[in-house]
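Below: the structure, in structure tokens.
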Amino acid sequence: MSDPYMPLTSVRSGAGFEAAKGVHGLTVQIANVYFIQLPSEPHSFVLIDAGMPQSAGVIVNEAKQRFGEGFQLKAIILTHGHFDHIGAIEEILEHWDVPVYIHSREMPYVTGKEDYPPARPDSKSGLVAKLSPLFPRHSIDISSHVQALPEDGSVPFLDEWMWIATPGHTPGHISLFRDDGRVLVAGDAVITVEQEKMADVLIQKQELHGPPAYFTPDTETAAESILKLAGLEPEALLTGHGIPMTGKNFRSDLTELANRLSSI
């Protein structure tokens, strides 16, 4: 059973947006999900992450608007298993019998075997950080649908994409990259809003930040993951929280952010 609705939101909640060629985004309260279109099947897509609890209807309605009533959901790729990225997955799977893929190190958190560590409300100042002990961190069990991503870095159904291990925020966090357009779907490895601060979350103030500190137990590894992403030289940065960034100006900022995090 999914968690109850959580009254955390932003001014962009419910807004769909074209994130990159063939990639459509949707802000679900405080988190983003992405619909990646299959090039050969214009009405088919892979869903990246599954939003906040009780958001299945919003996600499905956006899919209908973007891909038509006869849309085909091929699979769901999870960047990790935190509540704001898997919130609607159980309800979605009740209606669509599709495979779910996640890094092997995240499997315990989505097969009912292990809960995430407790939140760290004092890791960084801000009201959201203070509230973080109230956020769900328990495991869900979607054993009948979930499987580990291929070890070779390929992404099922998405031949142009590769997945990259970006641990730190969680042990098996991943990001996705497509060379065409140098598009990076970062998940929470790096985000574009200071997620710890309620006011910034509410207005979606665009700034480059590391993963939410209150749910990031390994800051040093998170910094190494950001350096890895900087090395990809992305030109479109699509994050789990915040407004996407495009161009090349943010590349050096990624390196500076990693260096700043590693010194904490």
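Backbone N, Cα and C atoms are what each Cβ position is placed from, and that goes for glycine too.
Small disclaimer: the values here were computed from a predicted structure and weren't measured.
Applying an 8 A CB threshold to same-chain residues 6+ apart, the list for His82 (Zn(2+) 1 binding site) reads Tyr116, Arg137, Thr170, Asp188, Phe215. In the three-state DSSP reading, His82 (Zn(2+) 1 binding site) counts as coil. The annotation Zn(2+) 1 binding site is assigned in Swiss-Prot to His80, His82, His169, Asp188.
In three-state terms derived from DSSP, His241 (Zn(2+) 2 binding site) belongs to neither a helical nor a strand segment and is classed as coil. Residues within less than 8 Å, Cβ to Cβ, of His241 (Zn(2+) 2 binding site) and separated from it by at least 6 positions along the same chain comprise Ile30, Ala31, Asn32, Asp188, Ile191, Thr192, Val193, Gln195, Val201, Pro212. The Zn(2+) 2 binding site annotation in Swiss-Prot covers Asp84, His85, Asp188, His241, and the record cites similarity to another entry as its basis.
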Cβ-centroid neighbours of Zn(2+) 2 site Asp84, His85, Asp188, His241, 8 Å, sequence order:
Ile30, Ala31, Asn32, Asp49, Thr79, His80, His82, Gly187, Ile191, Pro212, Gly240
His169 (Zn(2+) 1 binding site) in three-state DSSP notation:
coil
Would you mind checking how many other C-beta atoms are within 10 angstroms of the C-beta on His80 (Zn(2+) 1 binding site)?
29
